[in-house]
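Participant: What TrEMBL records for this protein is below:
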- 1-261: domain 'G-protein coupled receptors family 1 profile' (DOMAIN)
- 12-35: transmembrane segment (TRANSMEM)
- 47-77: transmembrane segment (TRANSMEM)
- 112-134: transmembrane segment (TRANSMEM)
- 165-183: transmembrane segment (TRANSMEM)
- 204-223: transmembrane segment (TRANSMEM)
- 243-263: transmembrane segment (TRANSMEM)
Amino acid sequence: MLGVGNDVVAYRVIIVQVLVIAFLLINMLLIVTFFKKKSFHTSTRYLLFALMLLSDTFDMVMQVWLCIIVSIVVFLYSMVTPITLTAMTLERYVAICMPLRHAELCSTRSTVHCILIIHGISSIPCIVILSVFFSSVSLSVFKQNMVCSVEMFILYKWHSDVRSAVSQFFFLIMCIVIVFSYYKIMRVAKAASGENKKSTLKGLKTVILHAFQLLLCLIQLWCPFIETASLQVSISFFISVRYTNYIVFVLAPRCLSPLIYGLRDETFFLALKKLWVS
């Protein structure tokens, strides 16, 4: 297969399938727990967590027009996860630094509006990338069969530059929000005492976890640029790089992050234990 041995391909497929099955089982376990516990349905924190699980739960040869339809969903939800993480960080900031306004700002209605805003913001990079692509290709391209991947949408170097600029701008804003929230929560933690200090420090650790997840998402967005460069070396090298990126930066974080977050939250962990152990 394009310079890669059949045995190697078989092993790679098995590893990917095992990780995908584990990822889907973990996410379904947490999603079912969320829907079974009615009190989670009115909490901003758990609604955003469920949104992250669902967005994470969404390469093949196909006609270009069909690939574009698939890519719209992929582009959209590749941004929904990091933006949701940022929103979850802001929710912790409000809960710890503005406790008297938390119930008002993080009501169920506000959370629904927040989810709509998250999808609206997430659609901006998708619209920009596809607009650039549509303005640069002829109609005959849509009838061709190609490997459905991000590289298909990069026809010229400036296409890559535009995508990079949009991605870096979004992640710069998200990093600023997380650093700001971390700084504010850290100040509250220093001034707090007793149970308040313990709760604040736990919130601080949650923000650090969100920052780590955001870093993984940022690395994932850099993967297409690395893969494009590797394609210039050889097809077999490109396949190996893409496989490694997919395992390390796409599948593994999606398997670990929701599980870690779900187990860290005492309320969610107790609901999970009660539902699946008893």
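Residue 1 is the first one shown; counting continues down the chain.
Heads up, the Cβ atoms here are built off N, Cα and C, so glycines get one too.
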Participant: Quick one: do the transmembrane segment (112-134) and the transmembrane segment (165-183) reach 3+ CB pairs under 8 Å, ignoring pairs fewer than 6 apart in sequence?
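Facilitator: In this chain the transmembrane segment (112-134) contacts the transmembrane segment (165-183) - 3 or more Cβ pairs sit under 8 Å.
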Participant: Checking distant contacts: for the transmembrane segment (204-223), what same-chain residues at least six beyond its ends satisfy Cβ-Cβ under 8 A?
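Facilitator: Contacts of the transmembrane segment (204-223) (Cβ under 8 Å, skipping residues fewer than 6 from its ends): 78, 81-82, 85-86, 88-89, 92-93, 167, 171, 174-175, 178, 181-182, 185-186, 189, 242, 245, 249-250, 253, 257, 260-261, 264.
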